[in-house]
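Here Swiss-Prot flags ASP204 as active site, proton donor. Annotated purine D-ribonucleoside binding site per Swiss-Prot: HIS4, GLU179, MET180, GLU181, SER203, ASP204, in sequence order, evidence recorded as similarity to another entry. Here Swiss-Prot flags GLY20, ARG24, ARG43, ARG87, VAL88, GLY89, SER90 as phosphate binding site. The site 'Important for catalytic activity' annotation in Swiss-Prot covers ARG217 and is backed by sequence analysis.
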Amino acid sequence: MTPHINAPEGAFADVVLMPGDPLRAKYIAETFLQDVVEVTNVRNMLGFTGTYKGRKISIMGHGMGIPSCSIYAKELITEYGVKKIIRVGSCGTVRMDVKVRDVIIGLGACTDSKVNRIRFKDNDFAAIADFDMAQAAVQAAKAKGKVVRVGNLFSADLFYTPDVEMFDVMEKYGILGVEMEAAGIYGVAAEYGAKALTICTVSDHIRTHEQTTAEERQLTFNDMIEIALDSVLIGDAL
């Protein structure tokens, strides 16, 4: 047990899928896993363990923002022996060639947060995904006939940012999606010797203002979830 996770030792699989919303974690577990058991519920940050096509996998929410997700990722790795974390979440986009409901595999994550500079002695840390996990996700998408975008994310500290000019900079540098956690999770994984990947579904277009509802974000991002789950099986074979 930790101050934030009340699961017993051995309750989590070595691979954990982490959406931000704990209700989305519940939906994923109940929809895609078999033999599901709720293993933690502190602060209503729900976590579940079950099997997917016979493979033990856990699902747990991580909340919003780098501080929240970093706490859960660190404790899962150091206290429960988790080896791989796949963040499955929503993101916005500023690019006109990226559409709402597109799936993005985050090879790297830029950020305006200082957390990785703090852990990396005030130097820039390249927050990147594990290559094998990213490759497995691309293979899983291709096997399902799904088109995915692969590239950089931007993990923002402010959801309601006053710096709208930064969106132009993001677009210039080819940022595919804007979210709030990937850079933190990649930093935690690097610090504690684990592996991580972020897969996002575009829920909002910052330029056109097209967006999905909260219910759609919870229930209809199934392509992303299936890609993540199948990537675990592919990764086991690599």
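Even glycines carry a Cβ here, placed using N, Cα and C.
Long-range Cβ neighbours of MET180 (purine D-ribonucleoside binding site) (same chain, at least 6 residues apart, Cβ-Cβ under 8 Å): MET64, GLY65, ILE66, SER155, ALA156, ASP157, PHE159. The binding-site residues under consideration are GLY20, GLY89. Their Cβ neighbour counts within 10 Å are lowest for GLY20.
In sequence order, GLY20, HIS62, MET64, GLY65, ILE66, CYS69, ARG87, GLY89, SER155, THR198 make up the list of same-chain residues 6 or more apart from GLU181 (purine D-ribonucleoside binding site) whose Cβ falls under 8 Å from its Cβ. The separation of SER203 (purine D-ribonucleoside binding site) from ARG217 (site 'Important for catalytic activity'), Cα to Cα, is 7 Å. Taking HIS4, SER203, ASP204 as the recorded positions under consideration, the smallest Cα distance to SER90 (phosphate binding site) is found for SER203.
If you compare Cα positions, HIS4 (purine D-ribonucleoside binding site) sits closest to ARG43 out of the recorded positions ARG24, ARG43, VAL88, ASP204. Across the structure, ARG43 (phosphate binding site) and GLU179 (purine D-ribonucleoside binding site) are spaced 23 Å apart at their Cα atoms. A distance of 10 Å separates the Cα atom of GLU179 (purine D-ribonucleoside binding site) from that of the residue listed as 'active site, proton donor'. Residues within less than 8 Å, Cβ to Cβ, of SER203 (purine D-ribonucleoside binding site) and separated from it by at least 6 positions along the same chain comprise SER90, CYS91, GLY92, VAL100, ARG101, GLN211, THR212, GLU216, ARG217.
Taking the Cα atom of each, ASP204 (active site, proton donor) and VAL88 (phosphate binding site) are about 15 angstrom apart.
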